[in-house]
Amino acid sequence: MLCSWRVKLKLLLATITLAVLLSWLYLFVGSLEYGRFLLLPPCLGEQPSRDVEREALASQVRRVEEENQQLRMQLGQVQAEGSDGNPQWAASAEDGPPLGGERNNRTACPEQRMVRKCELLHVAIVCAGHNASRDVVTLVKSILFHRKNPLHFHFITDSVAHQILQTLFQSWMVPSIHVSFYNADDLKPEVSWIPNKHYSGIYGLMKLTLTKALPSNLSKVIVLDTDITFATDIAELWAVFGKFSEKQVIGLVENQSDWYLGNLWKNHKPWPALGRGFNTGVILLLLDRLRRLGWEQMWRLTAERELMSMLSTSLADQDIFNAVIKQNPALVYRLPCFWNVQLSDHTRSELCYTEVSDLKVIHWNSPKKLRVKNKHVEFFRNLYLTFLEYDGNLLRRELFGCASLPSPPSDQLQQALEELDEDDPCYDFRRQHLTQHRVHLFFLQYEFLALPNPTDVTLVAQLSMDRLQMLEAICKHWAGPISLALYMSDAEAQQFLRYAQASEVLSARRNVAYHIVYKEGQFYPINLLRNVALANTQTPYVFLTDIDFLPMYGLYDYLRNSIQQLELPHRKAALIVPAFETLHYRLTFPKSKAELLSMLDMGSLYTFRYHVWPKGHAPTDYAKWRTATVPYRVAWQPDFEPYVVVRRDCPKYDQRFVGFGWNKVSHIMELDAQEYELLVLPNAFMIHMPHAPSFDISKFRLSAGYRGCLQTLREEFHQDLSRKYGAAALKYLTAERNL
């Protein structure tokens, strides 16, 4: 071995000497072309233009310096190999420095294989539950922000995350993004036998099964934890696959804490690992090679052997990956540590970077997440918050020069937008109707399990940020399940999250579903919001209300009893809850119908909108309601818009109506067209609380164009209703003309 090294060294020295001689001859010949010998004093030769001479000489010197630099680099690599006889452990630029060594690990490394333009990059993520589904959105945003290539995300999910992420990506409609889902329940038998103390539970072991879970024709994939933030183009990480040797199959960053050294506390006994071990928050997997090696059998045998003494894993899949690598060190490619800057309590991650430009990937691998202790944590937190609150609509940009695969929903939307007439006075209304809003279902933990109760009912409402203060009051008045659609920006959604987590009332409830519909466009998409909240209920019946109303105490139980007594499962009926209002922000809420009637007589309460829009609720017949003891039937009348309890499969709200006006009227009209009975409940009531006028109602009142467009939409709705229900819908058109 020593002899071989000396031969290589002599060969390189001879090469360098020859290169210097050739360079000298090259300069000599070149100088003759300019009419003088460069090694002679200037006065002895002919002197053409000094500028031309200086430029030619500088060019030749630069070439020689570049050649010498390349030769020195090759010599350094040979010396590094000869120092211990093992090129895998040489301190080359592509392996990155060890934590205790040189701190500068910028990417001034030997030339690496570049990712082809439009090459499809594959990313696998294990995601389960409501919280992880929320975290993964920030990861995806950071990837999309920097990316220049098409991406294919492979999500291993439970049923909750599947529903959330599938809806999110379908509504996001980002070009050149492909998404596949794999059922984690199918993979649980593969790892359920492994005891795991990590907070991630059984899902923290799922990455071991990727060779089986992912398609057999997928040869390589980047695997990420959900608590990752990218600060660079993920294609740079994908390019590292080109550096793997023939034996290397897994790319990992060294663990940046002393966990696997076993010196964190007394009697600490970690799983076996190579040196400091490796962190599995960022993994490069060559799946085809792993399958040929028999990866499944390899990790199983290792886990079984180690569990005999360790009894359980502490860091989930990471312990098993490290145990396998301990037995097979040739399998691992050491990624530079800036590809996984770990921010847990015991890490030494500051050794991985000296400047911002050194950062590639940040890993919040502590249960404390953003509250972790690190001297640069404020900088990292700000970088994370940038993507947390970043407007995801801005990421719907095309990749120039890369053809997207056909997407029927996207193509249909584009065609509909192209058919709009920009000179139409109502163009903005029609454009808003076609707007595709991002939707994040079940933004917070939701654990309501619908029992087989045929009379159960969910309160359904929608709101924006300015009505957030109503949530606690509604939760105090309504004990049953609630489905809410919230219209917010990305930043507002995070404000809401902090508000809900800090509220004792809201954080104590697990049967309230919050669905975020992200802002886009100039009008409030009120009926879209209602449809989102309605579509994601789990009970047979729904109470369709607005966020400004407080239901009477005990209304939830009263409605369930009424549904049963009226045998609603066997008839098509809508139960009307009479609406009242107060002008007082502080109200002693009536505990019974008798108290409400007393307050009504005293002028503390009023029938809803009696002085502004009496037609909206007059058909409820409040005079009859005062003395009624049993439900009574009322007939539909023009502009009637009561709040009702109906079956969950009722007609959807017409989404052409945005902003203010006719959004509930059109819905009640369609219920009547489908021959729903309208039954007023005698002992139910709700009270509207005062608030400042919305922006949309102000536009309605001030803009003649707004009101004109609303009238146009009403006429078009009547025409569509007539086509849908035939002669039965003519009465609505007649009633409209008689107004």
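Quick reminder: no glycine exception, Cβ is built from N, Cα and C everywhere.
All protein chains included, D546 (Mn(2+) 2 binding site) registers 18 other Cβ atoms within 10 Å of its own Cβ. The Mn(2+) 2 binding site annotation in Swiss-Prot covers D546, D548.
According to Swiss-Prot, the region 'Disordered' annotation covers 80-105.
Annotation comment: Swiss-Prot describes 121-396 as region 'Xylosyltransferase activity', evidence class similarity to another entry.
The region 'Glucuronyltransferase activity' annotation in Swiss-Prot covers 397-739, and the record cites similarity to another entry as its basis.
Annotated topological domain 'Cytoplasmic' per Swiss-Prot: 1-10, in sequence order.
The topological domain 'Lumenal' annotation in Swiss-Prot covers 32-739, and the record cites sequence analysis as its basis.
Annotated transmembrane segment per Swiss-Prot: 11-31, in sequence order, evidence recorded as sequence analysis.
Its own atom aside, the Cβ of D548 (Mn(2+) 2 binding site) has 18 Cβ atoms within 10 angstroms in the protein chains shown.
D548 (Mn(2+) 2 binding site) falls within neither a helix nor a strand when secondary structure is assigned with DSSP, and so counts as coil.
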